[in-house]
Amino acid sequence: MLHIIENLLDTAQLSQLTSILTHQHAQWQDGKLTAGISAQQQKNNWQLSRQDPSYQAMANLCLEALQQHPVFMSAALPKVIMPPLFSAYQLGQGYGMHVDNALQTHPDSKQLMRTDLSLTLFLNNPADYEGGELVISDEYGEHSIKLSAGDAVLYPSTSLHRVNTVTSGQRLAMVTWVQSLVRSDEQRQILHDLDVSHILLRQKLLATSDQAQSTQAQSTQAQCGQLSEQHSTDQQLTHQAIEKLNQSYHNLLRLWAES
């Protein structure tokens with residue numbers, strides 16, 4: 001399942017990142033250095049070295065944004081997030097069809113991590129370049145993705161995908177990988193659906209409460225008592241439904257999560 005994560009970074013954060021990436025002293029290296037053996041022949045881009053003096057602050061900014069974004073946290077259920085890579089695709093560069101390595105070595109801990117999910121964050125707008133679409137292939141066909149700056153796409157690392165050749169301008173992006181607490185994409189999707197339903201029901205409960213208070217304020221004393229009693233009953237039923245849904249979510253998480 002693909003998840004579009006909107007407004008992961010704001011305008012100020014994007015400006016901070018792109019000013020570093022377009023600075024003449026940025027330490028770029030051949031993207032092939034971080035590609036798996038089978039993908040090296042397909043990969044043609046530049047990547048900011050993790051040894052660049054600005055890299056750690058940039059990485060921290062992006063990782064903190066991910067950990068604070070409710071859609072990412074709900075959909076990914078992250079256990080480990082790989083320190084990101086910042087990439088640039090210039091005229092004539094692209095990345096042929098490939099699948100990400102199932103296991104990657106974390107550059108800090110030196111421990112192997114399983115890649116369950118891949119994430120691409122777009123750092124400049126579609127109008128800044130032509131080509132450069134991220135094309136993800138799954139059982140439903142191919143999905144061509146070219147998002148606004150600050151938006152990201154999260155997708156299963158099992159998917160074949162490519163970056164189309166850039167025909168003008170420059171494409172800037174951040175990529176990272178996630179080892180989830182829940183290995184199965186299907187199970188993660190069920191949990192995410194339950195989480196979203198739980199949130200929507202709570203929002204409905206709050207909205208109904210506000211509406212009831214407004215109605216009571218405009219009613220007679222007798223009507224107010226009847227409305228208050230009915231509203232209290234409805235709220236209790238909705239609250240019970242929410243808690244049963246919450247119970248199901250956490251019990252499934254206990255069943256499926258790998259600590």
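Quick reminder: no glycine exception, Cβ is built from N, Cα and C everywhere.
Annotation source Swiss-Prot lists Fe cation binding site at His98, Asp100, His161, citing sequence analysis. Here Asp100 (Fe cation binding site) comes close to Gly36, Ala39, Thr115, Ser118, Ser157, Trp177: these same-chain residues lie at least six apart in sequence, with C-beta atoms under 8 angstroms from its C-beta.
Note on Arg171 (2-oxoglutarate binding site): other Cβ atoms within 10 Å of its Cβ, all shown chains, come to 26. For the recorded site, Arg171 (2-oxoglutarate binding site), the DSSP three-state label reads strand. According to Swiss-Prot, the feature 2-oxoglutarate binding site maps to Arg171, an assignment based on sequence analysis.
According to Swiss-Prot, the domain 'Fe2OG dioxygenase' annotation covers 80-180.
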Measure from the Cβ of His98 (Fe cation binding site) and count the other Cβ atoms within 10 Å, all protein chains considered.
18
For Asp100 (Fe cation binding site), which of the three DSSP-derived states applies: helix, strand, or coil?
coil
Within 8 Å of the Cβ centroid of the Fe cation site residues His98, Asp100, His161, which other residues of the same chain have their Cβ?
Ala39, Tyr95, Met97, Val99, Ser118, Ser157, Ser159, Leu160, Arg162
DSSP says what for the domain 'Fe2OG dioxygenase' (80-180): how many helix, strand, coil residues?
3 helix, 60 strand, 38 coil
